[in-house]
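What follows is a single structure, written as structure tokens, with notes after it.
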Amino acid sequence: MEKVIQIALLGAGTVGSGVVKVLEMNRRQITERVGAPIQLKTVLVRTLGKARPELASYQVTDKIEDILNDEEIDVVVELMGGIHPAREYMLRAMEAGKSVVTANKDVVAQFGKDMFDMAERQDVDFLFEASVGGGIPIITPLKQCLTANKVTEIMGIVNGTTNYMLTKMTECGSDYNTVLKEAQEKGYAEANPSADVDGLDAARKAAILASLAFNTRVELKDVSVEGITKITPADIDYAKNLGYVIKLLAVGKDSPEHGVDVRVHPVFLPEDHPLASVNGVFNAIFVRGNAIGEAMFYGQGAGSLPTASAVVSDIIDVSRDILHHTFGRVRCTCYEKKKLCPLKETESSYYVRLLVDDKPGVLGFVATAFGDAGVSLKSVIQTQRNIIEHAEIVAITHMVRHEQMEQALDVLNGLPVVDEIRSVIRVEKERG
């Protein structure tokens, strides 16, 4: 008798309904590629009273035990979001001998080790392709396709909301509050946008990507995080004039000298960098390895069907493992214990914008403050920008340790001729 892979779905929201649609519309080719049919049996929902015509063909329950105690169910697909009770449900599913597929970046970033350990103990799969980048294949390439490489750098635009906002600020000259309101009206940003605009969503994804890319455990607390709330039209204009665009990047670097450095922050990105042309709600992840050189993965980072595509790809992989009894072909690869680079030791170039008194000698005071902290300046611009009795000084530094940059900023803050440090943004160096 032909084996049928039975799955259960936890959550029937945007992504969950997308998974149902992908399984239905591509049923024939999925069966051919797996070698057996995949049958959605049960869907867990919060409340049973809501009309759900798209689920009319399936069992619907509000009790997780109906799924955990069902021996016919092979795979549990968690699409509830959030940490609780999703984490507990996934652990219990694996404990019951069921493989788990999830799109839950929160759980993977904060409790990934618990998940991988349970999967190994129970000899089941735990897959999470959709946790980063929506429909963009990046988790599987890092775990499998790029394993012949030593990956030294991974950078990504991994939050569509902030990328949309920065794109609109660049193209239209709008300010932060205007583009945030527009993003909320279009449904790209939540009523409380903090997770996106403060960089927290990207930080969770950065922790996942860095852990896989560098084969070491990077936790959320190890990621330095800065959002886009302080970016102004003036910063956008200066970036354009200097040959850059501003993007919110998740950045991971691994070097023998400094160790693993993982950050999320706005960046002045050279306009010829592949990531510089990634606009709107699109995402992209740029990888540098010692064999492949440079590679970039690009696509829709959110949405019902793109994310469902990634979820179903994991369901297909798990189904193949079930048929061939090959669970855990690729376990957690975070087996090395690498040094994590403290923020103060990280190195970057910086863009610094100052409001200063418009009088002779000010530029000299500013240059001396940088020099005394060991910060070398690559370029300096002074302009009035229609500011009465004041001027703006914009400086781009050479590569410098974060600790030295902080020292320079402390000195500048104490100068009577400096009225305000308006912006400090990292500058990504030219490629090559």
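Just so it is clear, glycine is given a Cβ too, placed from its N, Cα and C backbone atoms.
Per TrEMBL, active site, proton donor is recorded for K205. Residue density at K205 (active site, proton donor): 25 other Cβ atoms are found within 10 A of its Cβ, drawing on all protein chains shown.
Within its own chain, A12 (NADP(+) binding site) has V20, V43, V45, R52, L55 as residues 6 or more apart in sequence whose C-beta sits under 8 angstroms from its own. The NADP(+) binding site annotation in TrEMBL covers L10, G11, A12, G13, T14, V15, G16, S17.
K105 (NADPH binding site) falls within a helical segment according to DSSP. The NADPH binding site annotation in TrEMBL covers K105.
DSSP assigns E190 (L-homoserine binding site) to coil in the three-state reduction, outside any helix or strand. Residues annotated as L-homoserine binding site in TrEMBL: E190.
The domain 'ACT' annotation in TrEMBL covers 351-426.
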Give the mean pLDDT for the domain 'ACT' (351-426) on the 0 to 100 scale. 95
The domain 'ACT' (351-426) resolves under DSSP into 23 helix, 33 strand, 20 coil
Taking only C-alpha atoms and a 10 A limit, tell me which of L10, G11, T14, V15, E190, K205 are near K105 (NADPH binding site). These are the recorded positions. K205
Neighbour count, 10 Å Cβ-Cβ cut-off, for V15 (NADP(+) binding site): what number do you get? 26
